[in-house]
Amino acid sequence: MEETSTPPQPQPQPAHPSPQFPAVFTPPPPPTSGFSSRGSPSPGTGSAAAQAQFSTPPGPPVFSSPLRPAAVPFRATPASPQPVPFASRGGGYSSSSSSAAVSLPTSSGPHFLNGAATPTSHLPSSAAAPPPPPPPPPEESPYVLFSAHKVLKQKKLLNAPSLGFGALVSPGREVAPGPETVERDPRRCLNCGAYVNLYCDVLIGSGQWQCVICKKMNGSEGEFVVSSKHDLLQWPELASSAIDYVQSGNRRPGFVPVPDTRVSGPIFILIDECLDEAHLQHLQGSLHAFVDSLPPTARIGIISYGRTVSVYDFSEGAAVSADVLPGNKSPTHDSLKAIIYGTGIYLSPVHASLPVAHTIFSSLRPYQLSLPEVSRDRCIGVAVEVALGIIQGPAAEVSRGIIKRSGGNYRILVCAGGPSTFGPGSVPHSVQHPNYAYLEKTAMKWMERLGHEAQRHSTVVDILCAGTCPVRVPVLQPLAKCSGGVLLLHDDFGEAFGVNLQRASTRAAGSHGLFEIRCSDDMLVTQVIGPGEEASPDSHETFKHDTSFCIQMHSVEETQSFSVSMESKGDIKNDFVYFQFAVHYSNMYQTEITRVITMRLQTVDGLSAYLASVQDDVASVIIGKRTVLRARTASDAIDMRLTIDERVKDLALKFGTQVPKSKLYRFPKELASLPECLFHLRRGPLLGSIVGHEDERSVLRNLFLNASFDLSFRMLAPRCIMHREGGTFEELPAYDLAMQSNAAVVLDHGTDIFIWLGAELAAQEGQSAAALAACRTLAEELSELRFPAPRILSFKEGSSQARYFVSRLIPAHKDPTYEQESRFPQLRTLTPEQRSRLKSSFIHFDDHSFCEWMRSLKLVPPEPS
């Protein structure tokens, strides 16, 4: 079960290492000489078992009704608004709180509470002008969440693979107030490349500063010469743990000055022509609503695909006109040139083309032949190639890299109802084809190359699938992943699909991101999981003894995160260890940004002090990502469930205590909530069998491996909220004891939200309608602006759909009464008759409860926190 303790030896890597799964980077062994600060080699010299893909955070809700205290506490997350353009200034320094530093767009953005954006109408009047939040402690940051706030000095226990040490890093996250902003180049260590920061020791007489990573001294050309240490705080990088450097000399033509409205990058919509009438009607409704939601200045293009590719022309007014290209082969240079230099208009602002777009959508017709859905020809790859060709336009024939179209990054939205079965990047209609495995592998490599081509041209490809036809996820996933986009599955082209279409088009995305990780010499990065691949040495500036680990990001979005696993090289002697994370990227306003986040953690000798600092929720997400990464097939998932069993047992053996006169071990009280989170992971959709099709499991795993902490944790452990009489809500543990017939329950599992109505409540028409409406409102508030938008299902007790809900709850009804009351105190409020009815409502099945599972591992269940 130890996946990171022995890094692989360096090996040559392909130009674009990107298998189907989200990227995992495993640095090679540390060098034995030189000024190594971390032990991992310069980027590109080591191996990278890279595999990638991503989603949006579910902040805690803004409740319409009062919320009772939770039985189990949940982590509050910082506010997270959208990015704002930078003001043009001549000065060198600024503060994030200064109006000269950052200005909001003219159109006011949404309000944010606890990481979830909410319309102004949802805010209570008392929250209209909340006081500024206090600065986070030194060990906390909105961009970095460590699995523990302290670092254990003893190498053997810190590196114990059952717990491990690591961090979740969201380098593209936007928060309010944002980081300090300066409009100049950063000052860096000439030896290792680390950035100057607030923890550097500065000699005020000479202006020299000592790097916290490699301990070498650097000059400042007299810039840091001051009369007192306090005067150093005038430099934001010496006063704040997070800093944004704006590269003022590298702005591209698309830079947006402050008075302008928010940029909306051009969007190509690719539409499947092979849909049956029912699916097509739903898709048409979603497309009509989608273009109506776009800002008037947004540019759109429309392409449909089947056996051919039709590029729709907006210049014909009321008539629907399209240029048609064959779908059996890639478009030729001449055919693309004829479109680009022709008289047609294929990308047009919404304000000029909205009626034409509606006409095009209304003109779409259902598939006419009598072939089953899976046997219909769809040239998805060629359609994306044509869209990319039009996006490149004449600039592709001028000096490359010089001309850059303005208006933000491009996005291609593919609406697919089935697999790619025609032209390049296609697979046979039937998986029974004798050569299917080889053809699938060939198609995956072709789609991967196409995804990289899109990424080089600042174009993100999102693939939104719907319907009942298998879409062959392994073939389409590399295209979305390598371009920085996502692949999503939906039941149909209705509400959830339409919402995701809108949210996919509006989420802010930076491009050409380079993510650097540096640590103190005591620490070693052993594994990174996230949406990118190891950067080649020539893709970034290198320094004499640069031991950073560099990752080329497919896109830079606030909903992503990287899981970074670390170990100590030996017993730590220093009182502090330092970590620096830097991301360089071009934001949605085409401005070059370098964000630098520097963190310092205290080291401790005592095991109890270390365990008390462990953040169970963060640790469980990091463990979950390392485990899910290895669950590539259904049989792998079964193995990983057994791995979780062994991990929990090892945690108790290493950090717990043995019960006197017994073979049982007591789980450490400091980690009380960790095993329950892992139990949810073990039986949930990521590793369990409650999701039926392997395509669905594959998509969920890819989303989880690249998601922010908020969404990752919610996908790992569901959140259970009960609607009470009087319109209040009470948060409860996710146990089946919440299934009380007189109540309504909301269960938020990240990508799905379920509303369950008890039979007794459902029989009361007026009360059930009010409860359902309140729960529906809560579900929408919980998931507002979450990407992907979750599927929201409601059903009554005893219905066939209720199995979706029941299978995600821990079957605590099997436990003794005293344990039920201890872990689910709400039971004590029920009358004896209500408890009797609740007990008789459960159906016996073989699944373990959490307590039974712990005892089966010879462990004493931890006391509820």
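Including glycine, each Cβ sits where the backbone N, Cα and C put it.
Values in this document were obtained by computation on a predicted structure and should not be read as measured data.
Annotated compositional bias 'Pro residues' per TrEMBL: 7-32, 129-140, in sequence order. Here TrEMBL flags 33-53, 94-109 as compositional bias 'Low complexity'. According to TrEMBL, the feature domain 'Zinc finger Sec23/Sec24-type' maps to 186-219. Sequence annotations record features per position, and here TrEMBL assigns domain 'Sec23/Sec24 trunk' to 268-494. According to TrEMBL, the domain 'Sec23/Sec24 beta-sandwich' annotation covers 511-603. The domain 'Sec23/Sec24 helical' annotation in TrEMBL covers 617-711. Under the heading region 'Disordered', TrEMBL lists 1-142.
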As a test: from 186-219, 268-494, 617-711, pick the stretch that has the greatest number of Cβ pairs under 8 Å with the domain 'Sec23/Sec24 beta-sandwich' (511-603).
186-219
Which residues of the same chain, at least 6 past either end of the domain 'Zinc finger Sec23/Sec24-type' (186-219), have a Cβ under 8 Å from a Cβ in it?
35, 37-38, 225-229, 231-232, 237-241, 243, 245, 516, 518-521, 541-548, 576, 578, 580, 582, 594, 596, 598, 600
Helix, strand, coil: count each for the residues of the domain 'Sec23/Sec24 helical' (617-711), based on DSSP.
64 helix, 5 strand, 26 coil
Give me the DSSP three-state residue breakdown of the domain 'Zinc finger Sec23/Sec24-type' (186-219), ordered helix, strand, coil.
0 helix, 8 strand, 26 coil
In the domain 'Sec23/Sec24 beta-sandwich' (511-603), how many residues does DSSP call helix, how many strand, and how many coil?
3 helix, 57 strand, 33 coil
